[in-house]
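S.K.: One structure follows; several queries about it will come next.
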Amino acid sequence: MTTFDMMLSKKSALAVSALKIGGLTVLLCFSSFIKLPLFFTPVPVTLQTFVIFLAGGLLGPVEAFISVAAYIAIGIFGAPFFANAGWGVPYLLGPTGGYLLGFLAAAWMISKVRNLFSLRTVVANFICMAFGMVVIHACGALWLMAGLRMMTLQAFFLGSMPFILPDLMKAWIAAWICVRLYKR
């Protein structure tokens with residue numbers, strides 16, 4: 001292989017990486033529009049966690065982190081892509097800001113663990129994504145406790161419990177998709 005071939009393959013790899021990051025960032029942006037508001041909590045059910053699971057399962061750790069960071073940056077700079085069509089720093093500091101920060105940690109963690117242990121089965125990927133869900137829920141609940149002065153149980157019941165089953169279902173579907181895509 002010549003130096004020119006290596007340069008082309010590096011450029012191709014960078015282009016593919018940029019396309020994957022961009023694609024998942026766009027998916028994450030639009031996944032916030034698909035939501036189910038709940039009357040008893042300020043946090044809606046969205047498809048964002050599903051896309052976070054996909055990012056962690058399909059991208060490398062740095063790529064997954066960059067994809068989520070780009071989504072957050074787009075929202076901070078004015079695009080209404082956060083849940084409830086929110087945007088800007090005030091939204092990030094609001095009740096759901098902890099979930100957004102949890103998205104960063106979860107996408108990176110899912111990808112890191114998935115790559116570290118070469119997870120290739122649906123069950124193994126699902127377990128990894130379920131731990132990512134715990135990271136998201138913990139960050140969200142802690143943020144609710146700090147920002148809205150909620151007690152631990154109140155934050156759990158309003159900010160985590162209603163989302164456990166839907167998020168586990170999203171994790172299972174994302175794990176299945178990731179394994180199928182990697183088998184190709």
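These residue numbers are counts, starting from 1, taken along the chain as shown.
Cβ from N, Cα, C; glycine included.
Annotated transmembrane segment per TrEMBL: 12-33, 39-59, 64-83, 89-110, 122-144, 156-179, in sequence order.
Burial and contacts for the listed features, if you can.
M.R.: Within its own chain, the transmembrane segment (12-33) has Cβ neighbours under 8 Å at 46-48, 50-52, 54-55, 58-60, 63-64, 66-68, 70-71, 74, 79, 81-83, 85, counting only residues six or more beyond its boundaries.
Within its own chain, the transmembrane segment (64-83) has Cβ neighbours under 8 Å at 20-22, 24-25, 28-30, 32, 35, 43-44, 46, 48, 52, 55-56, 89, 91-92, 96, 100, 103-104, 107-108, 110-111, counting only residues six or more beyond its boundaries.
Beyond the ends of the transmembrane segment (122-144), by six or more residues, the same chain brings 43, 49, 52-53, 56-57, 95-99, 101-103, 105-107, 109-110, 113-114, 150, 152, 155-156, 158-160, 163-164, 167-168, 171-172, 174-176, 178-179 to within a C-beta distance below 8 angstroms of the stretch.
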